[in-house]
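Engineer: Before I ask anything, let me first share the structure, which is written out below as structure tokens.
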Amino acid sequence: MNVRELIACIEEMAPVSGAAPWDKSGVQIAGTIGDIERIAVTIDPSPAAMAEALEWNADFILTHHPLYMEPKPLDRPGFFLDVARQTLTRGTWLYAAHTSLDVRPEGPAGWLARELELDEPRVMEQTDPGNPMVGFGLVGRLPAPMGWDAFADRLGACVERDFWVTTGQIPERIDSVAYCTGSGGSLIPAAEASGAQVYITGDIKYHQALESNIFIIDVGHFSLEETMTRILAETLASRLSGRHDAEVRFFPGREPFALRAGR
């Protein structure tokens, strides 16, 4: 398929016009390949991920996280130069659907709300005055109230991990849940105001945790967005099926953190 058709299809799901002002969603590196046959989807544009995608002969690589927020010179060894060299040498396109995807909870960004079967979901931080369902974070009600043990089991199955960092007092009863994929510390006040008993997100900082008045579950940036990126790949493949012969493949990312014993 034509590369412009592919970009248009991606931007139907994640319009660049909806990205945060500070973000760099969209084309990261403009390739030279015009006819796209293989599309790789992965969470991070790391050198390792690029090498895997290019070994598969990807013509177009779609990531969630951008390669950069501000333009960088190609004048020193490192992460940025490695990725740029790999893609430019092959003529492969690199595209990021970052906050352009995050603010569309009806799509992959809303996956956890659907897994938890949240009723009456609403956006916590609206970014489009004309559409109340465009913005960051979601809050909604569980189908039935749950105790902590049952909720923890349900959440663990969704995020595929049985450990996380929490802050605050464990609620006796949970009937309303707020969450934000990725780094959600800035939405703590909105989560507190939402009436939710629990806020699920990643990358909570020390002082944010200290000052919060809601029970927070930090399940990790990666676990929330890796699943979102996999669903993005599945959704893109479904949209292209029957219309174009391009192949879409999801390449699992790598969690950068690991739990270690003292030595």
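Glycine is treated like the rest: Cβ placed from N, Cα and C.
Just lifted these from TrEMBL, have a look:
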BINDING   His64  divalent metal cation 2 binding site
BINDING   His65, Asp102, His221, Glu225  divalent metal cation 1 binding site
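A description of the local structural setting of each listed feature is requested, covering burial, neighbours and distances.
Structural biologist: For the recorded site, His64 (divalent metal cation 2 binding site), the DSSP three-state label reads coil.
Its Cβ placed at the centre, His221 (divalent metal cation 1 binding site) has 20 other Cβ atoms within 10 Å. His221 (divalent metal cation 1 binding site) falls within a helix when secondary structure is assigned with DSSP.
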Engineer: Under a criterion of Cβ-Cβ distance under 8 Å and sequence separation of at least 6, what residues of the same chain contact His64 (divalent metal cation 2 binding site)?
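Structural biologist: Correct list: Ile43, Asp44, Ala96, Ala97, His98, Leu101, Glu225, Met228, Thr229, Leu232.
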Engineer: Starting from the Cβ centroid of His65, Asp102, His221, Glu225, the recorded divalent metal cation 1 site, name every other residue in that chain with its Cβ within 8 Å, sequence order please.
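Structural biologist: Along the chain, the qualifying residues are Ile43, His64, His98, Thr181, Gly182, Ser183, Leu224, Met228.
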